[in-house]
Amino acid sequence: MTTVTKTPQATEPASASRDTAARTRRSERRLALVFLIPTVGGLALFTFIPIVGSLVLAFFKWDVISSPKFVGLSNFIDIVADGTVRRSFLNTILFVVTTVILQLSVALGLAALVQSKLPGWLRSIFRSVFFFPLILSAASVSIMMSYLFNQQFGLVNWLLGHIGIPAVPWLNSGPGAIVMVILVYVWQNFGFSFLLFLGGLASIPREVYEAAAIDGASGWRQFSRITLPLVSPTILVASVMAIIASLQIFDQPYVLTRGGPGDSTRTAVMVIYESAFQQLQFGRASAIGLVLTVLIMLVTAVQFRLSRRFVFYS
Amino acid sequence: MTDISRRAVLGVVGVGAVAGLTASWPRLTGSDIPGRGTDALNVAILGTSQDAASRAGLVQAFNAKFPHIPVRILAIQGADWSDFFAKILTMVAAGTPPDVVVVATEGAQLFADRLAAPLDDYVTKDAEAMSDYFSDVHPALIESFMYKGHLFQLPIDFNAANMYFNLGTLSKAGLELPSSTWTVDDFLSTARAMKKSSGGGPFVSYYWTNRLWGGVVPWLYINNTSFLTEEKSPGGDWLWNRFYAGDPAAKGRSGGYLWEHSNALAAPVEESFDVLRTIVREGLGTSPAQGGGNQLVAQFAGGSIGMTPAGGYWVEGLSEAGMAGKEYDVQFFPKMQSQKAQFGSSGYAIMKTSKRKDDAWEWVKFCVSREGMKLAFPTPNTTPTRRSMCNEALFGAKGPAHWKVFYDTLDTLPSAPIPAPPQQAAVETALIKNVSGAVTAGSRSAMQSNLRALDRDLTQALKIQA
């Protein structure tokens, strides 16, 4: 057996003990600082400095090749006037609303089902099955889906053809493409919320349900009056994470539809990518990024504000 | 029991941290980035590490002649040329630009405008050696890499948008390969016959992809129009007079193309879009798919596609998919007001920032030599720009009966490159996003509305200073 630290002797005088305690605190602070340096350094290098750089860049015109040129608010005025940017933000909001509602509903419903009806071993299997899509690359999943839902040669239309349904333009029509991007995104991402809900549901004491059953509460009443309130802190966490992630949706629409047809599936992050890396308008891209960041912060703040009314913590 | 002091633990952790830091120093400082801090000539290509490895023979042969110029091939993967250019620009931004880059027509003017060094002096200096190359390469390909009177690249390969036919589906429809002067009406009747004889399975007479090459552009070109205005720069006489004097195909060649304004509202553009709308409406062709057409080879080889635009690059792909040359054939695009053909090309550009421009020129010169091009293109996975290399040896065994169409497109038809101004990425985005709406529009007025949107987006895109 090994010991790492030496504790002060109880017989030492009080002042010596205070000195030792102060020394220990100082030493612990130093140690904490040493352990924090890599994280803080990493965050500074890869998060804070780029954020500040991006903030500054939003007021410049820069194409990588030439020197940056200060343009004031011109980038912001341009993006407000640009129909594609406006549409991309509207699309992003549409994706956020639909994907978050679907993702949380599906995850909570399945988690409740798995938690209440299934034996432990089967629960483990479902936990893995539902989580599995999340560990796949979004690009690979999207490529696979684009094959499955190809209008002419996809498996889905081939199967539908067998029951007399004509080929559906899943990815070639505006509404079809929006639905596909939403479904593919939800299918791939609901597993994380599912795991969170499983944890939340497991922490609800069984006795509460037993007492409710004795009082004659049915399944739905139990769910709405016991499960939902008690799992509401988890819903808050899951929804905050889901909203922030879906505001940054990129891979699925980029691979499935390239933002089309027209601008129907173009999202804010796609416009950032196109502006920066295809059109060499890094200032404009930063301005769009800044607007998106402010939007994310606003939405998160509103969520936490609302949580005071709707989240049950005890 | 052993007491380990805090100091000892901290010491061990400290040593570990220093060791870790030392081990990861090359990564932290970026010195392990290929090409950084080394003396090699860095050549960036679009492709995988296997593509880079396949050029080992080329590098070896080059080094046999120039042992003092080590070459490193940087394979940069990308979904398409736009993706590749974005990554090259990231390398420029990171301060690690390559010396030489393979650039396709899509990026030729972007590079010429901002990143590439003109080759005029090198070509003039090595005029004797270059004469052999120019005498073997169609002037249209050279003109496509001229910009404002200067030459920025020497094309090594190209692909014209020709029409591929699955002969099985053609004969099932009771048809033969159309003549080289076939028209759009012939195309429509062929597509209708193919559809009728298909039996209702998963089949489409004409498959096309929504992109700059092989998308809507060939249909515009054959109607003698384009979605951008097409003008030409003055200049370039230094090249045409020196290397193409007496070549009738070089008559009227210029200092390069200029695509500066939208032409989306021109009447011939509307006519071409209406043809495509007819094709989609009647179910003769697909709603254009986005992307690079990766799903195409298997479907064409399997008989699910009757016709599709492709170039010489497809021969190897079809062969690998198990389709023999006698099972398909190739013809020019049909005729409308004209039969002007679209092509895309690629070639090496020397970066302005390169400190090894002379070495880079030796590489470029070697790659366009007969020896270099034979090593670069051992299989028919593209059309070499040297006419003498488009021969039986390259296409005969695996290619279709009319493989000569690949180069004849340049020799016998009027032709022009992919319209790609320096703002190509924004222009391509504008085009792609409006094409689907226009060709799937339920009425002519709805199509016109999409063309107005295309005009607006193109005008906006062309305002961007690349």
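The backbone N, Cα and C atoms fix where each Cβ goes, glycine too.
Look at TrEMBL and you will find A:1-23 tagged as region 'Disordered'.
Taken from TrEMBL, the feature compositional bias 'Polar residues' applies to A:1-12.
The feature transmembrane segment is assigned by TrEMBL to A:33-60 (among others). Within the chain carrying the transmembrane segment (A:33-60), a Cβ under 8 angstroms from the stretch's Cβ atoms is held by residues 68-73, 75-76, 282-283, 286-287, 289-290, 293, all 6 or more beyond its ends.
Residues annotated as domain 'ABC transmembrane type-1' in TrEMBL: A:89-303.
If you look at the transmembrane segment (A:93-113), the same-chain residues 6 or more away from its ends with a CB under 8 A from one of its CBs are 126, 130, 178, 181-182, 185-186, 189-194, 196-198, 200-201, 223, 227, 231, 235, 238-239, 242-243, 246-247, 249, 267, 299. The transmembrane segment annotation in TrEMBL covers A:93-113 (among others).
For A:125-149 (among others), the entry in TrEMBL reads transmembrane segment.
TrEMBL lists A:177-198 (among others) with the feature transmembrane segment.
The transmembrane segment annotation in TrEMBL covers A:230-250 (among others).
Residues of the same chain lying 6 or more positions beyond the ends of the transmembrane segment (A:285-304) and with a Cβ under 8 Å from any Cβ of it are 51, 54-55, 57-58, 75-76, 78-79, 85, 89, 92, 96, 236, 239-240, 243-244, 247-248, 268-269, 271-273, 275-276. According to TrEMBL, the feature transmembrane segment maps to A:285-304 (among others).
Residues 110, 114, 118, 155-157, 170-171, 180, 184, 187-192, 194-195, 198, 251-252, 254-256 of the same chain sit 6 or more residues outside the transmembrane segment (A:125-149) yet have a Cβ under 8 Å from a Cβ within it.
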